[in-house]
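What TrEMBL records for A:80-295 is domain 'ABC transmembrane type-1'. Residues annotated as transmembrane segment in TrEMBL: A:28-51, A:83-106, A:118-138, A:169-191, A:224-241, A:274-297.
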Amino acid sequence: MSQATVPRAAGARRAAARVANPAGRMGYVFVAGYFVLLLAFGVVPTAYALWLSISNSRGQLVGLGQFTRTFADYRFLPAFGHVLMYLVIWLVTLMVLVVLLAIMLHGRMPRTSSALRFVYYLPGALAGVASVLLWLILLDPAASPVGWLLEAFGWDTLAKVIAPDHLPVLFTVIAFWTGAGGWIVIMYGALNNIPHEVIEAARIDGANVLQIALRVQIPMLRKWIAYMLILAFATGTQLFVEPQLVSTASWGMIPDGWSVAQVSYLYAFQAGDFHGAAALAVDLVVVGLACAAVVVFRTGLFEKD
Amino acid sequence: MRIPTSRRAPALAALAASLLVLAACGSADPDPAAGASPRATAFTPVEQVPGSELLVWADATRVPGVEAYQKAHPDVKIKIVTYSGDANGANDLQTKVQLFDRSGSGWPDVAFNVNYNAVTWASEGAKPYAAPVNQGLIDKSVLDGFADGALAPCTVGENVYCVRNDLAQVVLWYNKKLFDDFGYEVPTTWEEYQALGERVAKEHPGYLVGTAGDPWTPEVYFWAGQCPASTVTGAKAVTVNLNDPKCTRMATLLDKLIAAGSVSKDTVFASGFIKDHADKVLMMPGPSWYGQVLFNSTFKTPKGQIAAAPPLKFEADQAAFTGNVGGGVWFISAHSKNLKAAADLVTWMTTSTDYQATAGTCPAYKEAATAWLKGQQDTGYFAEDVAPAFTEAAGKVWPGWSATRYSHEAIYASTVVPALNDGKTLTSLLGTWQTAIENKATSLGYTVNP
């Protein structure tokens, strides 16, 4: 709506209304786009999965039957074990390295930091699948530019590089490389939010860099770290692209049901059993929500200062 | 603000309780209809719309053929969709058909698939995706023109649910130039093969007689050795017995050659293998498509070196048998509104000498195969005519190995290959491998007998 078409008096009234409610209706319009997508691709599919997971192919309700049936599957525990192993390594690495790199970037290298922030962010700008493909080349000693490094570990063929024990670490490396850059930039922004006077006061009190980081910066970053953990946990439990692509590229050397999401995929598309698949997906939702709840209440993520 | 814990607990308890109450209503078994095939009932097509558009799904290799058909038949309306063809373990057709089954539309009228195992899921269910081509779609005289046993993987009960595009019979590939240089004789039995493998390891270290790290090692070695790893005995019943002497003899043979160093634990398509070992392959049992696809295009072995020998036999056995690695199939959708045009297209794609003679793989239709083999000879790539070995192998595929809903390749590659690379022997892995097959088969609704 352009200003010129609105009569002056009405314009003045609207201006008054806008002051009373500065967010105005525009706020709803901005949120609407997201809300529609969230509904169509988030809420409705989740509700549909919930319905599928408690019913069977004849549309009868079966309670927890689908859950107990998938729990008894021979792939269930190994898949959760794999994902748990991966999550432990990935979350710890992510938390430690992201916070460390962000603080170093913020404190020590003001001149180079903007260039470095860009470099960190760059891999994240690549689409996920493309990044994994890049790693497939990096991990093959015959094709990799860092093949000498792999061979130094005694891994002279792709089969030895992707041995089952190495997988959680390999997927962590891939996930860190593709996803951590964005978090470093966010943490950097969060560090900028810490009032300069607080750091100044600590410094006057004689705190060194390490003490400032441990006693001032990290505690003030707590909510941001919690936020990162929740999202990284959710994406981590849904691990799919990495094992699926590495498996294809290695001529199937990784089991097709390595992660929980893959087992769910096999249920739906190999066995044609969408109800079992939905039960596994709901398992992930429940685990994700439970862990998010723990993190939210422990860190007071939603508390207002 | 913290949500008081006391308010959440009763809600959760109520939810859990209501779920448990619901538990009594039905059984959580997977779709009971999925296992039962409508083999006895006659095929009833959907309402036919003559002249309606055909939706054809094919892989990039087969698309030029469909385009050639389109050119020769301009009055047929065709929409071509290029997809993976399910090569390299992809599962796209099944994935999409499962979704089309749920949404009730979208099925391709004609679909190509490189993996004949697909027939197992395509012929199952309340309304199977594949139409039985023998029920009035394709003439019996045409179906009889296929190589012996070529349509066996497509046949479920009385019905033929797909049409075979190409054969992938296993032969013994060898490098004639190296054999001449080293003064060796091409083996005719597995015992001779093993002896030569041990000899070349001593006399010319680094040269190879085979690979055990390919996903299709089970088909190349164990199928040919008549190991009962995949014998379907009835609707959804399969026999798996890797402890059978016919399996252990092959495992022992491979273990000895792996230990000697003349059988690699890598796969032939690994970039490391291509870089370091491609020019050191003395011989290699492998499918018919190895000739052009592997030796010519991938290894870039020069012209006039590679030749094929007939399948090997164990001295104790009466006759030689061989395995089979793939071989694509064409499906006609049971949901198609233009079955006549679909059948005509599939017949042309599989039997047309014009098209099949120039294809990359050995045609399953006998007449086309003869023309194709002549074409192979004319390329001048092979050191000797491969036709005798190919023709002999085509009729010797061991019939005791059936198509299953699961892929032996995926199981072997993920269970056995990593352990081999970890230094374990095949013989010691037979138990693990057996369990992996049993688990996978059971998870897809099979009953497994030892």
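The backbone N, Cα and C atoms fix where each Cβ goes, and this holds for glycine too.
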Sort out the residues at least 6 away from either end of the transmembrane segment (A:83-106), same chain, that have Cβ-Cβ distances under 8 Å to it, and list them.
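For the transmembrane segment (A:83-106), the sequence-distant neighbours (Cβ-Cβ under 8 Å, at least 6 residues beyond its ends) are 113, 116-117, 120, 167-169, 171-172, 175-176, 179-180, 183-184, 187-188, 190-192, 213, 217-218, 221, 225, 228-229, 232-233, 236-237, 239, 259-260.
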Should anything in the same chain at least six residues away from the transmembrane segment (A:169-191) have a Cβ under 8 Å from its Cβ atoms, list it; otherwise answer none.
86, 89-90, 93-94, 97-99, 101-103, 105-106, 113, 117, 120-124, 126, 128, 131-132, 135, 139, 161-162, 217, 221, 224, 228, 232, 235-236, 239, 242-243, 246
Give residue numbers and ranges for long-range contacts of the transmembrane segment (A:224-241): same chain, 6 or more residues beyond its ends, CB-CB under 8 A.
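Counting only partners 6 or more residues beyond its ends, the transmembrane segment (A:224-241) has Cβ contacts under 8 Å with 83, 86-87, 90-91, 94-95, 98-99, 128-129, 132, 171, 175, 179, 183, 186-187, 190, 218, 259-262, 265, 284, 287-288, 291-292, 295-296, 298-299, 301.
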